[in-house]
Amino acid sequence: RPRPPTLPAVALKLARGRGGRLTTTLVAIATAVAFAAAIAVLTGSLRASTEAAVAGQARAADVVVTPLGRGDIGPAGHEIAAVPGVRAVEPVREAYLDVSIGTTATLGRVRSLPGTPELRTVTLVEGDWPGPGAVVVDQGTASDAGVGPGSSVALRSRDGASTSAVVSGLVELPVSFGDDLPTVLAADADVAAWTGANPTAIYVLGRDDPADLRAAVADAVDNGVVRTGAEQAERDVAAFTGDSDVLTTGLLGAAAVALAVAAMVIANTFRVVVAQRAGEFALLRCTGATRAQVARSVLIEATALAVLGAAPGAALGVGVGLGATALLAASSAGLPLTEITVPVPGVLTALAVGVLATLLAAIGPAREASRHRPLAALREVALSVGDSRPGRVRPACGALLLVAGAAALAFGASAGSVPITVAGGFLATAGTVLLSTLTTPALVRALRGPLARVAGPAGGLAWVNLRRDPRRAAAASTALLVGVTLVATVLVGMATTRASLTSEVEARYPVDAEVLALRQPLPEELPPTLGSIDGVRVAAAVPGTSADIGSRTMTVLAVPDDVRGVARAGLVVPERGELLLPPSVARNNDIRAGETVPVRGPGGVADLRATLAAADLGAPLVSRADLTRLDPDPAVHGVWLRTEPDAAAAVVVEDVRRAMDASGAEAIVNGAVRLRDAYETGLTVAGLVALALLAVSVLIALVGITNTLTLSVLERKRESALLRALGLTRRGLRTSLAWEAAVLAVVAALLGVVLGSVFGVTAARSMLEFGDRTVPDLPVTQLAALVAATVLLAALASVIPARLAARVPPAQVLASE
């Protein structure tokens, strides 16, 4: 006698019979898991690359000494060298000076190069390591400036001190240097003499165990923190990965959002499957299956589908992640990707979370499947998915979460706390989702008039169908709401950050761009040449001279004649007898506000009253009358530029440098336009990456629209057949379903844009250091494009269920009554 089949066998056999209708579930699972696995590969490679690059110097050392507070650990080097077991002591210091090399003149980094080869993190690619008075330069700067070994480099501090050195070689920098500033490396003794900077660390090599050596060095150091190389390496990685950790957190957050949206879509998909198979479940109840067994059969199906979707999704995600990592490593995105790896635990976690999310999403539909009564198997029943009326508990919880989220958002934005702001965003989103059973029908009701005027009878039919089941309409729009909200958050957050940074930079710099001579006056033809550059509105020649202030020789400028046309209103014009000093110059020369300072120029001495400038000036400013006292025949030592509001910062900076190179001027470029160039590029890249990641969740949500419309078609097949019999064409039926999808998308898009705008502004305010001066900015064009794209894609998502509805013969359906 054959043994009866087990429940898992029955469940799997029934699932195979419905395989075609479960394709959307597999797509949603595979897409979400593939996305999470790809993120795991990218974040794992990013961390491995960062650790390899940043911790190299510390790991090579046995002991590392860092300053305690603002203390100077330089004198401790002699005591450390005398410790028994120490074989090398290498102080490292760093400063930022104006660097003039070849055709490049700009702010650059000057840093110590350890004399011990094993402590060097740079790679020599051409020439020799530097001796006394010589330097090596990063190969990127050398290529841009058109120089090589044997060239000269001039270094000038902001307080006027200058020196020159010979380039002995070119080096390749590790990612730990963190930016694209021109970098000059020299022996520590030379860097100390040129910059006067204190060591940022002392690296020690020894012959003994690092722990023992650390104890011995600690006894010799009074004002420093002593760690082993391994301990310091961990701290260096943690300090450097601040931005990388933010990026990693953002990537993992995007993966979590995709999985959450996929769970919503999967839940709706299983509701469709349960509705389709009501007769099968009722028949199982007739043959003796209990309600628990029916529920377990659905969960068994969900497990099988989860594994079938997650396994190939994980494999696909690994491939996509490796490819994306390789492309980013080869691009100029600025990510420190030198190690490409597959983090097996991360990929397995993505697979496991995908399976778990599927099971959790199937619990509700499984309970609904168990409620089918055995007698339902004896007749064909209309498909239904439970009570369509919204309850009271869910909206009440949603209101509480929304209020709590709003309070957290307000507090996080005012306190500058990103974690609290993020938590508030999650609470507010969860509250909005729970309230969707009330808000979605309300918005649908509000759209009745416009829909009837625009869409006619097809629109009216779509409106009636959406009003019939608020739960189903809310479930369909919820997943799309989450995706649109996140995209709108990124758009508004980026726009607000850009507007706020622009406002802050313009307040800091009185002019858009400033060309400042390094040693010799600028050519007289340079100002009109710069004024003819596209994007430059005004170029004003700034007269100046070389003068002694305290113990330093530096350039002193007077405001140009057309100062109001080139400078912003925030610029303070010095009065006669006043010396307007940049804070760095005053600090380096120990000059206090209100103090009388003798300034000696080629034509005489002027005693001027010192005033500290609030804005960032490239050089001290005096009145035109005082400049004439210092130098009766001043030359052009600077050019101030006013750019057009819509000028591309990167293009303007490049054109200015090209004009300077052609004129042979030795000068540097400062001002607001240079900083705008830096942050606009970073914001653009970050925004595009974030939008590309969040697009995955939107696409998964569109699968949910398809599933919901499919359920609508199945529930209303008799109604649709009757309408067809009364004269409604196939095209009319398809059009009504397209309008259903469009209305759901409009509801989700409008709510998403409102929420995203609030989240974007509060997120920008909490992340920016000057949060109280945040400038909200709504990119209306981009938000309108987002709404339009969402509606269009939702209408396209209705094609499959519309074809299903139109393909069923009316006579066949009506004959089953």
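Backbone N, Cα and C atoms are what each Cβ position is placed from, and that goes for glycine too.
For 254-373, 693-810, the entry in TrEMBL reads domain 'ABC3 transporter permease C-terminal'. The transmembrane segment annotation in TrEMBL covers 21-42, 246-267, 305-330, 342-363, 396-416, 422-444, 473-495, 685-714, 737-760, 780-800.
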Tertiary contacts of the transmembrane segment (342-363), as residues 6+ beyond its ends and Cβ separation under 8 Å: 25, 29, 32-33, 36-37, 39-41, 43-44, 255, 259-260, 262-264, 266-267, 270, 298-299, 301-303, 305-307, 309-311, 313-314, 317-318, 321-322
Stretch in 305-330, 396-416, 737-760 most in contact with the transmembrane segment (422-444), if contact is a CB pair under 8 A: 396-416
Whole-number mean of pLDDT values that fall within the domain 'ABC3 transporter permease C-terminal' (693-810): 79
Residue numbers, six or more beyond the limits of the transmembrane segment (396-416), whose CB comes under 8 Å of its CB atoms: 422-436, 758-759, 761-762, 765-769, 771
Summary of DSSP states over the domain 'ABC3 transporter permease C-terminal' (254-373), given as helix, strand and coil counts: 98 helix, 0 strand, 22 coil
